[in-house]
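K.L.:
Here it is: the structure, laid out below.
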């Protein structure tokens with residue numbers, strides 16, 4: 001059976017910064033309040049005419065500039081996003097059109113903040129099955145376009161960015177060690193953006209086109225769910241927390257991550273996040289954290305890393321990987 005590993009990374013964030021001081025002028029909040037509750041200091045915001053596909057394309061360009069091989073033989077593009085430019089066509093098709101790779105599949109994944117880890121899980125399966133050889137897994141979000149800037153509990157959280165990872169066949173070294181998935185569809189009404197249907201689980205939805213979140217309930221679900229799945233994932237791989245070099249959870253909220261780490265045997269000091277300077281970027285947060293660690297010289301080849309994406313659905317995917325770069 002073929003093996004798969006991550007061989008390249010690229011990221012992009014818009015130049016405009018929205019700081020806590022800026023938010024103080026928009027809603028009744030303060031830098032102290034935001035930092036104390038979320039750990040966030042700023043987030044990036046796309047321009048009016050800049051959309052998710054534009055950010056994804058820039059992230060792939062960044063990856064391409066750092067990758068020693070060619071991307072002309074990419075045979076699948078997977079884009080994780082909740083803020084696609086259009087209902088259809090997919091954002092993945094817009095990325096394909098820009099780069100002109102005609103012999104490639106292209107599809108979007110809508111798993112909110114778990115989108116990147118779902119994409120990596122699928123890429124691993126497609127490659128190890130022998131169906132594909134080189135897959136671009138991209139995460140892109142322009143959450144600012146669906147954020148209600150009159151709601152101080154949510155508008156302080158979200159930012160825009162994109163990231164890309166290249167997953168390739170490798171006959172020698174497996175880069176994916178184990179995975180776990182789970183879904184709690186009965187929690188679909190605590191984090192959503194309404195569409196054609198105006199109710200879920202018997203709950204009437206707010207049809208404003210903006211994100212709606214019950215932050216307290218999302219926090220409780222994540223803090224309750226992730227620690228147990230963290231342990232289950234290590235057990236599936238026959239590893240312990242002592243074998244783990246880095247933990248990279250979805251950067252939803254630094255206080256949430258601290259709460260999760262308190263319930264695991266893994267120290268917060270070995271947890272990688274992107275929340276302080278990028279806010280909650282949904283599916284993008286994990287790849288941003290990885291790239292920050294690469295650039296800082298923290299993340300090194302063959303280190304064992306646990307990725308855990310969780311979010312609206314409610315759904316999650318955890319992956320144990322061996323870093324391939």
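Glycine is treated like the rest: Cβ placed from N, Cα and C.
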K.L.:
Looking at the candidate ranges 236-240, 241-245, 246-250, 251-255, report the one that Swiss-Prot labels region 'ACP-binding'.
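P.N.:
The listed stretch tagged region 'ACP-binding' in Swiss-Prot is 251-255.
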K.L.:
Going by DSSP, is residue 113 (active site) part of a helix, a strand, or coil?
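P.N.:
In three-state terms, residue 113 (active site) counts as helix.
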K.L.:
Quickly jot the same-chain residues contacting the region 'ACP-binding' (251-255) by Cβ under 8 Å, restricted to those at least six beyond its ends, or write none.
P.N.:
37-40, 113, 157, 218-219, 222, 273-276, 278, 280-281, 285-286, 288-289, 310-311
K.L.:
Using a 10 Å radius around each Cβ and all protein chains in view, which of these active-site residues has the most neighbours: 250, 280?
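P.N.:
Top count of Cβ atoms within 10 Å goes to 250.
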K.L.:
Rounded to the nearest Å, what's the C-alpha distance separating residue 250 (active site) and residue 113 (active site)? Just drop the number here, would you?
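P.N.:
That comes out at 7 Å between the alpha carbons.
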K.L.:
In the region 'ACP-binding' (251-255), how many residues does DSSP assign to helix, to strand and to coil?
P.N.:
2 helix, 0 strand, 3 coil
K.L.:
Give me the non-local Cβ neighbours of residue 113 (active site): same chain, 6+ apart in sequence, Cβ-Cβ under 8 Å, ordered along the sequence.
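P.N.:
Within the chain, residue 113 (active site) has Cβ neighbours under 8 Å at 250, 252, 280, 282, 283, 285, 309, 310, 311, 312.
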K.L.:
In three-state terms from DSSP, label residue 250 (active site) for me.
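P.N.:
Its secondary structure by DSSP: coil.
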